[in-house]
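Per TrEMBL, the features are as follows:
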TRANSMEM  6-28  transmembrane segment
DOMAIN    46-144  domain 'CAAX prenyl protease 2/Lysostaphin resistance protein A-like'
TRANSMEM  49-68  transmembrane segment
TRANSMEM  84-100  transmembrane segment
TRANSMEM  105-124  transmembrane segment
TRANSMEM  130-151  transmembrane segment
Amino acid sequence: MKLPVLYLYTLMIVSYLSIDVLCHVILIDLFKFESVSNAVTRDQSILKIFIYALILGPFFETLLFQFIPVKLLSTYVFFKKKKIWIVLISALLFALTHLYSSYYFIYTFLMGINLVLFFFIMEFKNKGSGLWHTTLLHAIINLMVFIHQYFR
């Protein structure tokens, strides 16, 4: 079954929103994890945050945590046969760079799984387009967070 690209973006954004709500309800409300503070961006200009969150961050994070791990690990027979390990390693690398709190580590690990699965789907669907599609999805998600943080 061939799914339209727009449908896949919509599905991944709904997946992101589900992860966001579930993490908040389970980790913060139920288990009383400490949420993420804005300490990382507190002293930064809104333009600088916008450029990093919507342009530089999504591209370089997709390159480092989806594209390179998938391409590199896929050259090994073990990982070719067990792609779940590529997904988990990619998500772990992504989460390890977001160690602002234990809540955010778990949250970004789950988001990392979401992003690398999207990368795999787009690479398979349109050979060689995983980097650009995943960067765009990451930027859209960051835009949603940016709008929520600065314009609510």
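For all residues, glycine too, the Cβ spot is worked out from N, Cα and C.
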Mean per-residue pLDDT computed across the domain 'CAAX prenyl protease 2/Lysostaphin resistance protein A-like' (46-144): 96
Remote residues contacting the transmembrane segment (6-28) - C-beta distance under 8 A, at least 6 residues beyond either end: 35, 103, 106-107, 110-111, 114, 118, 121-122, 125, 136-137, 140-141, 144
